[in-house]
Each structure stands twice: as C-alpha cells, then as structure tokens.
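So that you can see what the record holds, here are the features copied from Swiss-Prot:
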- Asp62, Tyr94, Tyr192, His253: Fe(3+) 1 binding site (BINDING)
- Thr119, Arg123, Ala125, Gly126: hydrogencarbonate 1 binding site (BINDING)
- Asp396, Tyr431, Tyr526, His594: Fe(3+) 2 binding site (BINDING)
- Thr458, Arg462, Ala464, Gly465: hydrogencarbonate 2 binding site (BINDING)
- Cys117-Cys198: disulfide bond (DISULFID)
- Cys157-Cys173: disulfide bond (DISULFID)
- Cys160-Cys181: disulfide bond (DISULFID)
- Cys170-Cys183: disulfide bond (DISULFID)
- Cys343-Cys605: disulfide bond (DISULFID)
- Cys349-Cys381: disulfide bond (DISULFID)
- Cys406-Cys682: disulfide bond (DISULFID)
- Cys423-Cys646: disulfide bond (DISULFID)
- Cys480-Cys673: disulfide bond (DISULFID)
- Cys490-Cys504: disulfide bond (DISULFID)
- Cys501-Cys515: disulfide bond (DISULFID)
- Cys624-Cys629: disulfide bond (DISULFID)
- Arg23: dimethylated arginine (MOD_RES)
- Ser374: phosphoserine (MOD_RES)
- Ser674: phosphoserine (MOD_RES)
Amino acid sequence: VAQKTVRWCTISNQEANKCSSFRENMSKAVKNGPLVSCVKKSSYLDCIKAIRDKEADAVTLDAGLVFEAGLAPYNLKPVVAEFYGQKDNPQTHYYAVAVVKKGSNFQWNQLQGKRSCHTGLGRSAGWIIPMGLLYDQLPEPRKPIEKAVASFFSSSCVPCADPVNFPKLCQQCAGKGAEKCACSNHEPYFGYAGAFNCLKEDAGDVAFVKHSTVLENLPDKADRDQYELLCRDNTRRPVDDYENCYLAQVPSHAVVARSVDGQEDSIWELLNQAQEHFGRDKSPDFQLFSSSHGKDLLFKDSANGFLKIPSKMDSSLYLGYQYVTALRNLREEISPDSSKNECKKVRWCAIGHEETQKCDAWSINSGGKIECVSAENTEDCIAKIVKGEADAMSLDGGYIYIAGKCGLVPVLAENYKTEGENCVNTPEKGYLAVAVVKKSSGPDLNWNNLKGKKSCHTAVDRTAGWNIPMGLLYNKINSCKFDQFFGEGCAPGSQRNSSLCALCIGSERAPGRECLANNHERYYGYTGAFRCLVEKGDVAFVKDQVVQQNTDGKNKDDWAKDLKQMDFELLCQNGAREPVDNAENCHLARAPNHAVVARDDKVTCVAEELLKQQAQFGRHVTDCSSSFCMFKSNTKDLLFRDDTQCLARVGKTTYESYLGADYITAVANLRKCSTSKLLEACTFHSAKNPRVETTT
C-alpha cells in the first residue's frame, strides 16, 4: 500500500522552514504512517482555497477563521483540535469574559456610556464576542461597526483601530505619539495583559479579556477579589467563577480539512504519531509546539497536544452558538434576523417526509407563525436547533438527554392523561415503559429469559424502546453486545448490518430505507414496534398505552384491524406476566413524558407561540378532517404523540431535573454503549459540560 501523504499548507517562509523539518523528522521517525509534505501560500485565505481545490489537505486556524472556512464556497470542517492545560484535563476552549472593578455599580445591560478596554480590533475575546453580543444595543447605523461602538461607549482603548477616523476608540490608550493605539506591544494596553491594565489603572470601567487573564496578572486571591465578572443575565460573579459567568466559549485552534473526501483519518494519524514523537518534552531534534524561527508556527506554542474532533462536528457545532452569533452579527453582510426580544415565528424541525407534510399544513394554518425546517433523523434536527437553524421540536426522553448535553432545555411537556382547563399548568409524572408479548407465546417467555428472542424497539436512544429496557439489561449482562443477546430484532437507528436490523422492513414505497430511525421504516416508533411484534417478533419495548391504541378496532390498518387487546400480555421484572391493563403493577420503569426543547434564548418565544397554537389547534378541535389538529396523525405520532391532551408549562428547568435522577442514571449506564455521534460532538469541549448559557 502506498503511504498516504498529508499536504500541509504554510503561510510564510518561517512556517515553510518548520514544515520541511517536520517532514524530514516524521519520515525518519515513522516507518509506515502517513507522510507530510508542504505547500506554500501567502495567507490563511489562500490556504483555505487551496484545501477546497484539493491542492493542499490541512492547515491550523484560529476560531474566527474556522468560521470563515466553514462557510460556502469553502465548506471545510475542523478535524483535529489543539488542547491546552494538562493531558488528564485537556482544555479545548477558553472563556471570553467582561471584567469590572468591585463596587462599580452597573450590569451587562448598562454598559452604554462606560469606558471600555479591548485586547485589539477584530480579536475574539476583546472585540468580536463583546461587540457581537452587544450588537442589538448599538446605536444605528451600525456600519461601520467602529463608528457605532465609538458612540456606544464614552471612550475606549481599542488597539489596531484607526486613530484618525475613530479617535474615541483610541482616546484611553496609553502609547506615546505614533505608538498610541498601535497594533502591537508598543501600545501598553495591547493584548490580554494590556486590556486588563487599562482597567486596573482606571483608564476604563470594563475590560474584555479571557478567563485566565486576571489569574495570570493577579496570582494573589486577595488582589483578585477587587474585581468581578459581568454575566449576561445582568448579575455579577467572582472572577474565579468564570464557568458560570462568561460571554462565550472560544474554541481552541483547529486543523481544518475538506468536508467530503477530506483525508481526516490520515490527518489524525499523522498528528497523533507526531505528538507521540515530537510533542511536549519528547525529542531534542524537533518540537511540534515550539518555533525557533518565530512564534506560533503551524501550531500554537502554548498547545500541549491534539485531540480528534468527532466526525459529526462541523464548524458551527465546534464554535458554539454564542460565538457564531457574535461572528454573524459582526460580518457586514449578515445582520441578525431580528432582535433578541422579538418573537415573529417559531421554526419547527420535522423528521422525514410524513412529518414535513404535517408541519407544512400546520404552517399554512398558523398563518406563517410556524415555519418548517426538515431533517432526515432526530439527531440532525437537534443539531439544527443547536446551531440556530431551527428553534424547537418535541422529543422523547432519550433524545431530551442528548439535546440537554448539547445545551438545549425543555420548554413544554406533553401531557397524556390530564384533560380540561388545568392541563396546561400541571405537568404529569411520566408514562410507563413496558415489555409486550403475545399471550400465545409459551409461559417460558418471561423477563428473565429473553436471550435469543426476537426483539422490537421504537428506535435506538429512545426511552421506552431502548434506554429503559437496554439499561436494565446492561445491569444484568454487563455488556453492550445487545445484538448478540437477542436472536434478531428491529431497532431503527442500528448499524445496517447488525442483527438488530434483521427484522426491519423499511418503506412500502421506497426500498433501501430499512432500519432508518424515521417513518420510512414501518417498524419505527411505538406503533411500528408493536406491528413488528404482531408480524415477526417475540417482545416489543413500548409505552403502556400502545396495545390499547392499536387493538379492538382502534387502528383500521390491515395489519391491526382484527387484533384484540386480550391477546397480549406484559412481562414484569419479577418474571411474571400480567394483562395489558395492569401496567401500573407490571412495568420496566416510569419514563419522563416527551417534551418540547429549544435553545435557552428562545424558550419564552417558543412557549408563548405554542400555547397560542394549541389554543387554536389543540385537543378541543373535534373535526380534524376539515381543520388542522396538532395532536392527530394517522396513528403515527407525527411531530407530537397522538395521545397528547395538551402541552403543559414546565417552568424554568434543566434537562437533568426534567428527566429525573433515576432516568439519567439509566442513560448514563448506557453511555458506555452509546453510538450517538451527536452526543460525542456535544460533549467534546468538556467532559463535565459547563455549557450553562445564561441568556434571558
């Protein structure tokens, strides 16, 4: 096999020199990994174009350029991130913060007329983030942005600004003569330390820096206590509490590649071997993370290593919603759609063809208050909401867990039992997850001997169909090999070649859609999993009402029209079997109701609009043939569960408190078995996931 070669793009003679010694040292050190070759261009933008045009394969970019590279026509994606800090707790981002002196009584929404200190024009923490987030408050016209900022603050020090055209942006700077406001250390208030000194020496009221700046400049805690952070929810917190009080997370520098045919595996293999041989303290011959010919060549000198970025992560998931919003606001041609407080419409995310049809009907009936965005599967929809391409959707608890890890929050819960006036103010305790079998199956089929049986699941990662039964099973067998435990099954969303796709039948109209986690697979969802039991399986993992909803003439489809409720039974955890209507005493676990999720900056808007929509198209509408009904679809649970009585307010909540500790534990056990690509991407920047964006 010919060795793969990764073509690295360089932007200066110094980088080209370091690259050629990288190339020589790698070919000596590594016998059969990928090789590196060097391509020279004159700027990052030229490198981005060269990678798109397949003249080069990789280059390291800062977060702002990762954003540019991800846009059309380049469409590059980040594939490897630099990390800073210790190996056992690698940091792949820093926090941009607003530092103020203790006792200066103003909040984030009262910055107008204050004096400001910035690291430099166009820099992430010092300019892009604070100005992008304050964009809505800036006076019109907002172009050029420097002019708007100059009239927003009373005076500033923004190194690199033009002192002739925007004298107020340089007024507070401390450089002498031509060096005042310079774009380098000749201006004493330049960079992180400079902007902090501008605040410290009382040339400004607020400094826009990164979370470590105060720690680095004031190692003594008593000195740090003289300062505070401004939080976006208009409170203040101590400077050490930056994880709960920051403006945005700025991800570290990343290596970008083409999204299609981008060599990402070779790039990772190359860099992973390179860090083994030439990383921190490895070899005197060549060092990846230091630059004898200059500073930050090819990689940042402060990096301590590389991490592979999950495949599902594109530039906007990597950069995060707050940072992308700030960048978008500041790009001249993209101004924000509407200011934060306006609520013109809710963009609903629909999965697959059937949901999209129902959503389109809803959109027309709502007079455009609901708009539809569609995706192929649930995870792609969640990703669209995270990125701000959609606003809301209703999810099963298993997906609420994933959405929560991605920073979304529950807004309204589906209620299934509560009817009438009070429904909207009383969220329920949850529904029951059960295991259903045919009564005709022998008595030896019970909860304790399911091995080798044929199983039917609503979908992988869903609550009643997967997380609860597989979580319980995992505790018993201590293994993730569920496909070897059951003989065959249909668990939509599994790997196509898995035995858990063997029973799936796909779509009537479009072959090749077997085992997809959407309505193209006829065995998908509650009704689908029950149909799988009826036609092929031994056990179905569903919710407690499914049998009642599809038997005794309630479902008119050919496969269901003659079914009787009495012909099915439930499996209890103690090994017994019970009639279907005794779920209260014979279930696997109580599952949290499905709920609508949104980004936290959209919570109020989504809740208000949906409560209006349900007042118009909710359960009280009797004739669904002539008017639109939110909670009706042909026994398919499209957009919402069909047995939803109303959407109920849940108050300000988090995904953890909504799902409850027991359920989180079940899912956390299964995390070891999880194949969710989105979950990998959303938890990449931090194992402990400090994405508590407080925007109200």
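Heads up, the Cβ atoms here are built off N, Cα and C, so glycines get one too.
Predicted, not measured: the structure shown is a model, and the values here were computed from it.
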Which recorded positions are spatial neighbours of Cys170 (disulfide bond) here, meaning Cα within 10 Å, out of Ala125, Cys157, Cys181, Arg462, Ala464?
Cys157, Cys181
Within 10 Å of each Cβ, count the other Cβ atoms and name the one among the recorded positions Cys183, Cys406, Cys423, Ala464, Cys629 with the highest count.
Ala464
Which of the recorded positions listed here (Thr119, Cys181, Asp396, Cys504) have a Cα atom within 10 Å of the Cα of Arg462 (hydrogencarbonate 2 binding site)?
Asp396
Find the one among the binding-site residues Tyr192, His253, His594 whose C-alpha lies closest to that of Gly465 (hydrogencarbonate 2 binding site).
His594
Sparsest-packed of the listed recorded positions (Ala125, Cys198, Cys605) - C-beta count within 10 angstroms:
Cys605
Using Cα coordinates, what distance in whole Å links Thr119 (hydrogencarbonate 1 binding site) and Tyr431 (Fe(3+) 2 binding site)?
53
Compare the C-alpha of Ala464 (hydrogencarbonate 2 binding site) with the C-alpha of each of the recorded positions Gly126, Cys160, Tyr192, Tyr431, Cys682, and give the closest one.
Tyr431
Additional residues surrounding hydrogencarbonate 1, by Cβ distance to the Thr119, Arg123, Ala125, Gly126 centre under 8 Å:
Ala96, His118, Gly120, Ser124, Trp127, Ile128, Gly191, Tyr192, Ala195, Phe208, Val209, Lys210
Cβ within 8 Å of the Fe(3+) 2 site's Cβ centroid: which residues qualify beyond Asp396, Tyr431, Tyr526, His594?
Gly397, Glu414, Thr458, Arg462, Thr463, Ala464, Lys543, Ala591, Asn593, Asp637, Arg641
List, in sequence order, those recorded positions among Asp62, Gly126, His253, Cys490, Tyr526 whose Cα sits within 10 Å of the Cα of Thr458 (hydrogencarbonate 2 binding site).
Cys490, Tyr526
Could you check what DSSP calls Cys173 (disulfide bond) once collapsed to helix, strand or coil?
coil
DSSP three-state assignment for Cys406 (disulfide bond):
coil
Candidates Tyr192, Asp396, Tyr431, His594 (binding-site residues) - the one closest to Cys501 (disulfide bond) by CA:
Asp396
Does DSSP give Cys183 (disulfide bond) helix, strand or coil?
coil
